[in-house]
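Dumping the structure here so I can ask a few things about it.
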Amino acid sequence: MASTPSLLRLALLLLGAVGRAGPRPQGTTVSLSETVQKWREYRRQCQRFLTEAPLLATGLFCNRTFDDYACWPDGPPGSFVNVSCPWYLPWASSVLQGHVYRFCTAEGLWLHKDNSSLPWRDLSECEESKRGERNFPEEQLLSLYIIYTVGYALSFSALVIASAILVGFRHLHCTRNYIHLNLFASFILRALSVFIKDAALKWMYSTAAQQHQWDGLLSYQDSLGCRLVFLLMQYCVAANYYWLLVEGVYLYTLLAFSVFSEQRIFKLYLSIGWGVPLLFVIPWGIVKYLYEDEGCWTRNSNMNYWLIIRLPILFAIGVNFLIFIRVICIVVSKLKANLMCKTDIKCRLAKSTLTLIPLLGTHEVIFAFVMDEHARGTLRFIKLFTELSFTSFQGLMVAILYCFVNNEVQMEFRKCWERWRLEHLNIQRDCSMKPLKCPTSSVSSGATVGSSVYAATCQSSYS
């Protein structure tokens, strides 16, 4: 008996890919639970056939069997045996004329795969990819999965380190860096939610499928915990977009207004970044529960419900893009006011533009208004590749630009290095003196003086 139904695994892969990539086109109505229920009915009919069908004449023949994919009759030795594509497949209507094949050897045994205990099967006529343009080969989906998993892992690690740096250095505590820290937190939560979501999908569409734990799989899909995982992911993604919007608004405020209350405006930013996403994620969850309570909420049969989340995110992307254009105009005017040559202006403008793109998420505009139900074939793959690759590595770029290459952060590290070197030299110099001429109190005294001078220097540099 085969350990995993290959075509059913492709069906689950399709559902899993949709859960990772976004909403499902409205025309697709087959859910995982429906597929499993049809598979169970197919298995029941097959077991009845295996029991009631008359046996072949005496002699060698391959035994009838159900291999968790198709129902096979007795096979004459030395011949191919074919049966119609199983009708429980989500795409069965498009492969009505197709067949799946096995080979019965002359010894009366089903042919097995090389170096495997699994029987050989030819499923080419029943494969869903024959339908053409809507879905992608498993290799392409796997490559996308690897790319964004690596991206989120690198971003998560870099953002945790960057957050520790901004929190650890007292002189870096200011409104601007508090906003950066909240942006880092939103990227970290987004990465964590993606990891948790992928772990849930891996169990549902891989482990449970391979072990045929259909009851456990369906009960998990219908559980509150599974839905909360995807609801949390939607909130983390939305909060990330709105903290990017906060960064854009704060940058524009610095350039356009000379005087404003940072403490008061920071409270407003907190409300926008963490509060506004609740205003549309919670209603979306309520609508899903009332009108589209299917499975684990990984797919959207009615795209109008998905717009409850999509439109506010498009609004944030659009506003940030307008801020990006406005900031570039301000940068150009300031560069021209400094009477710089055209070459220098172009170089600095290019540098500013490339820096602002990841910081404001401007790349999202490329495919932001190409709805998932309208993207097909190559366009959909390009859209998925662009969004998943850029978004997953965006946190890494933000950590680098806002922290690792920041002049203030580098200055703090240089001061720490200088202080450590000064204290180390004092200890070496004191230890080289004779004990009778150098009391132990002078060591602490010298270190205190060095530290106080460093502290005064730090305070003056930040005053």
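Cβ atoms here come from the backbone N, Cα and C positions, even for glycine.
The following feature annotations were taken from Swiss-Prot:
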| type | residues | note |
| --- | --- | --- |
| DISULFID | C46-C71 | disulfide bond |
| DISULFID | C62-C104 | disulfide bond |
| DISULFID | C85-C126 | disulfide bond |
| DISULFID | C226-C296 | disulfide bond |
| MOD_RES | C341 | ADP-ribosylcysteine |
| MOD_RES | R348 | ADP-ribosylarginine |
| REGION | 352-355 | region 'Important for allosteric inhibitor binding' |
| SIGNAL | 1-21 | signal peptide |
| TOPO_DOM | 22-139 | topological domain 'Extracellular' |
| TOPO_DOM | 165-175 | topological domain 'Cytoplasmic' |
| TOPO_DOM | 202-227 | topological domain 'Extracellular' |
| TOPO_DOM | 252-265 | topological domain 'Cytoplasmic' |
| TOPO_DOM | 291-305 | topological domain 'Extracellular' |
| TOPO_DOM | 329-348 | topological domain 'Cytoplasmic' |
| TOPO_DOM | 371-383 | topological domain 'Extracellular' |
| TOPO_DOM | 405-463 | topological domain 'Cytoplasmic' |
| TRANSMEM | 140-164 | transmembrane segment |
| TRANSMEM | 176-201 | transmembrane segment |
| TRANSMEM | 228-251 | transmembrane segment |
| TRANSMEM | 266-290 | transmembrane segment |
| TRANSMEM | 306-328 | transmembrane segment |
| TRANSMEM | 349-370 | transmembrane segment |
| TRANSMEM | 384-404 | transmembrane segment |
Among 140-164, 228-251, 384-404, which stretch has the highest count of C-beta pairs below 8 Å with the transmembrane segment (266-290)?
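Between the candidates 140-164, 228-251, 384-404, the best contact partner of the transmembrane segment (266-290) is 228-251.
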Which entry in the list of disulfide-bonded residues, C71, C296, has its Cβ near the fewest other Cβ atoms, using 10 Å as the limit?
C71
Which sequence positions outside the transmembrane segment (384-404), separated from its termini by at least 6 residues, show Cβ-Cβ distances below 8 Å to it?
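Apart from its flanks, the transmembrane segment (384-404) reaches 21, 144, 147-152, 154-156, 158-159, 161-162, 165-166, 180, 183-184, 187-188, 190-191, 355, 358-359, 361, 363-364, 366-367.
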Express the distance between the Cα positions of C71 (disulfide bond) and C85 (disulfide bond) as a whole number of Å.
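Answer for this pair: 10 Å between alpha carbons.
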If H, G and I count as helix, E and B as strand, and all else as coil, what does DSSP give for C296 (disulfide bond)?
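Its secondary structure by DSSP: coil.
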The transmembrane segment (140-164): which same-chain residues, six or more beyond its ends, come within Cβ distance under 8 Å?
13, 17, 20-21, 181, 184-185, 187-188, 190-192, 194-195, 198, 381, 384-385, 388-389, 391-396, 398-400, 402-404
Out of C46, C62, C104, C226, C296, point to the one nearest C85 (disulfide bond) in space (Cα versus Cα); all of them are disulfide-bonded residues in the record.
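Answer for the nearest of the disulfide-bonded residues: C46.
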Give me the DSSP three-state residue breakdown of the topological domain 'Cytoplasmic' (252-265), ordered helix, strand, coil.
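Residue counts for the topological domain 'Cytoplasmic' (252-265) by secondary structure: 9 helix, 0 strand, 5 coil.
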For C46 (disulfide bond), write down the residues of its own chain that are at least 6 apart in sequence and whose Cβ falls under 8 Å from its Cβ; none is a fine answer.
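Spatial neighbours, sequence-distant, of C46 (disulfide bond): F66, C71.
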Could you measure between C104 (disulfide bond) and C126 (disulfide bond) for me? Cα positions, answer in whole angstrom.
20
How many neighbouring Cβ atoms, not counting its own, are there within 10 Å of the Cβ of C126 (disulfide bond)?
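Other Cβ atoms found within 10 Å: 26.
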Within the topological domain 'Cytoplasmic' (165-175), how many residues are helix, strand or coil going by DSSP?
8 helix, 0 strand, 3 coil
Quick check: in three-state DSSP terms, what is C104 (disulfide bond)?
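In three-state terms, C104 (disulfide bond) counts as strand.
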